[in-house]
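Pulled from TrEMBL:
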COMPBIAS  1-12  compositional bias 'Basic and acidic residues'
COMPBIAS  34-48  compositional bias 'Basic and acidic residues'
COMPBIAS  52-66  compositional bias 'Low complexity'
DOMAIN    129-223  domain 'Impact N-terminal'
REGION    1-73  region 'Disordered'
């Protein structure tokens, strides 16, 4: 196994084992509901470093990479990650995140504001937002939490999962205690390398503590959808690798076939196909071994 492959395997193992116990922050009464003020929770663990939000102008001045939000990946969401209650709308999103840098997080937040939110159909927004221009239909709050596996200082990633530590942080964006609910979901599901955002459009009526249930539920729905998507991506990659090995075993001198995209793949079908492909490859390898002088 090559060094990059070993590091990827160690990172995968570390990701699977990085699941700290859920937070016990109590539910609090409505506080600051409906007012927008981006703040930052300075109690993040385990890094203990305060991360401030990054505006697009700050990002443009500090980043050497392209500042075009349209070049960033689209976040994943799903119908279950949207809740409407008394004209307030909550939507959960998940971006992949492999570095906890403020530059990257700021860029993804700008992508959400400038690209994703303007594309939402107006019928999915509270009435008071429906007659605004696309650039003025942004959410009232974009609270978020992230959790990322990072190499420990002086480590290479080749010595196993202990080479990695967890960095995490969160921002309420004025919806006090909202980000803690998102972080709790991330921990409960044992997820890492993710930025989970819950956008809220405030509809003018205070919801009280039930809003925390909405934040939790849309964050969980979005993250479960993302984790299922990532699991299928991994299965698809495994199937394509087996297809290449089978093609070589059958015709060593032939050009490799174009990879099958496996459209419409489900978890059950992927498992069946992986078992079938593995058996086929083993049979071809045994046959080749018997034919060798």
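Positions of Cβ are set from backbone N, Cα and C atoms, glycine also.
As a whole-number mean, the pLDDT of the domain 'Impact N-terminal' (129-223) in this prediction is 91. Here the domain 'Impact N-terminal' (129-223) has, by DSSP, the following mix of helix, strand and coil residues: 32 helix, 27 strand, 36 coil.
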